[in-house]
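Here the structure comes first, spelled out in structure tokens, and everything after it is commentary.
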Amino acid sequence: NHTRVMEFVLLGLASSRHMEIILFLFLLIAYLLILLGNITVISITLVNNFLQTPMYYFLRNFALLEITFTSTFIPSTLYNLLTERKTIALPGCFLQMLFFYYLGTCTLFHMAVMSLDRYVAICSPLHYTTIMNNRFCLQLILTCWAVSFLLIFPPTFMTVQLPFCGPNVMNHFYCDTSLLLQLSCTDTGFIEKLMFIILIIILPGTFIVTVVSYGCIIITIFHMPSSAGRKKAFSTCSAHLIVVMVFYSTCIYRYIRPAQRGGQVSDKVLSFFFSVLTQMLNPYIYSLRNKQVKQGLKESILR
């Protein structure tokens, strides 16, 4: 006889009360910076006419994605850091899992699209406005959202149908699919294989597109006649590549390393890196360092 699990216990990020307070303050500041940075990017790119280009269209959508992605788990994590009973109801856990992986996948596809946009802008500048027209940009964005949903929904729906009879403790700070599969009281082999195939498509696939695009950009930069132009372009691309490498390396090691089983402390650290730290840096690396964005911000403040 088994009792059906109605809630899960999340062990969170720390075991001591002192560390929980420190992490709460750090995570709160990080979340506020994420919101402030991305809301600033959205506002500036909307109100300034000279920022109505495909590049800033993608950056605006990327900023919206970051806000929604981090909002799926950071508010609940902050709440759990302040309470002794760190539980999440079964429906809430499934919803968090669905939106976390759906929006996270969409973020990966969006990073690949932005790298392609920069590739066309730098490597084929004369054809840029023709290729990256409004209709094509909208199609790329909608494709990111649609393909992400088609990839993530099937394994998530199958996970929701699984019986959970106990134990109900997850050593994590959000509802993680691999941990949920471990807690199910039935065979989950098919879902695990399906998830692995989907992750292989998503992570290495988008990573190759992103890295190859930036690789072609760097080669083009080295052939630029102006040394000042080379230095400026290389500085921007290198910053983007650092963020991309950190984000993808932690994601790939976390989710598709051989014989991975969730629930280790290293899993929480890796998840914290790609879901919080890189998200905090993205608006400042991708947008707010940009000269045109700084000019737009200055004009908005003056107005």
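Along the chain as shown, the residues are counted starting at 1.
Every residue, even glycine, has its Cβ placed from backbone N, Cα and C.
Here the structure is a predicted model, which means the values were calculated and not measured.
Annotation comment: TrEMBL describes 21-51 (among others) as transmembrane segment.
Among the features that TrEMBL reports, domain 'G-protein coupled receptors family 1 profile' is placed at 37-286.
Residues 10, 12-14, 20-21, 23-24, 27-28, 30-31, 34-35, 37-39, 41-42, 88, 96, 99-100, 103-104, 106-107, 110, 173-174, 275-276, 279, 282-283, 287 of the same chain lie 6 or more positions beyond the ends of the transmembrane segment (63-82) yet place their CB under 8 Å from a CB of it. The transmembrane segment annotation in TrEMBL covers 63-82 (among others).
Among the features that TrEMBL reports, transmembrane segment is placed at 94-116 (among others). Counting only same-chain residues 6+ beyond the ends of the transmembrane segment (94-116), those with a CB under 8 A from a CB of the stretch are 55, 58-59, 61-62, 65-66, 68-69, 72-73, 76, 88, 140-141, 143-145, 147-149, 151-153, 156, 159-160, 174-177, 180, 202-203, 206, 209-210, 213-214, 240, 244, 247, 251, 275, 286.
Tertiary neighbourhood of the transmembrane segment (136-153): same-chain residues 54, 57-58, 61, 98, 101-103, 105-106, 109-110, 113, 198, 201-202, selected by CB-CB distance under 8 Å and a gap of 6+ residues from either end. Among the features that TrEMBL reports, transmembrane segment is placed at 136-153 (among others).
Sequence-distant contacts of the transmembrane segment (196-222), counting only residues of its own chain at least 6 positions beyond either end whose CB sits under 8 Å from a CB of the stretch, comprise 105, 108-109, 111-112, 115-116, 118-119, 122-123, 151-152, 155, 230, 233-234, 237, 240-241, 244, 248, 251-252, 255-256. Taken from TrEMBL, the feature transmembrane segment covers 196-222 (among others).
Outside the transmembrane segment (234-256), and at least 6 residues removed from its termini, the chain residues within Cβ reach (under 8 Å) are 108, 111, 115, 118, 178, 196, 199-200, 203-204, 207, 210-211, 214, 217-218, 221, 267, 270-271, 273-274, 277-278, 281-282, 285-286, 289-290. Annotation source TrEMBL lists transmembrane segment at 234-256 (among others).
The feature transmembrane segment is assigned by TrEMBL to 268-288 (among others). Same-chain residues lying 6 or more positions outside the transmembrane segment (268-288) and placing a CB less than 8 Å from one of its CB atoms are 13, 27, 30, 33-34, 37-38, 40-41, 59, 62-63, 66, 69-70, 73-74, 104, 114, 171-174, 176, 239-240, 242-243, 246-247, 250-251, 253-254, 294, 297.
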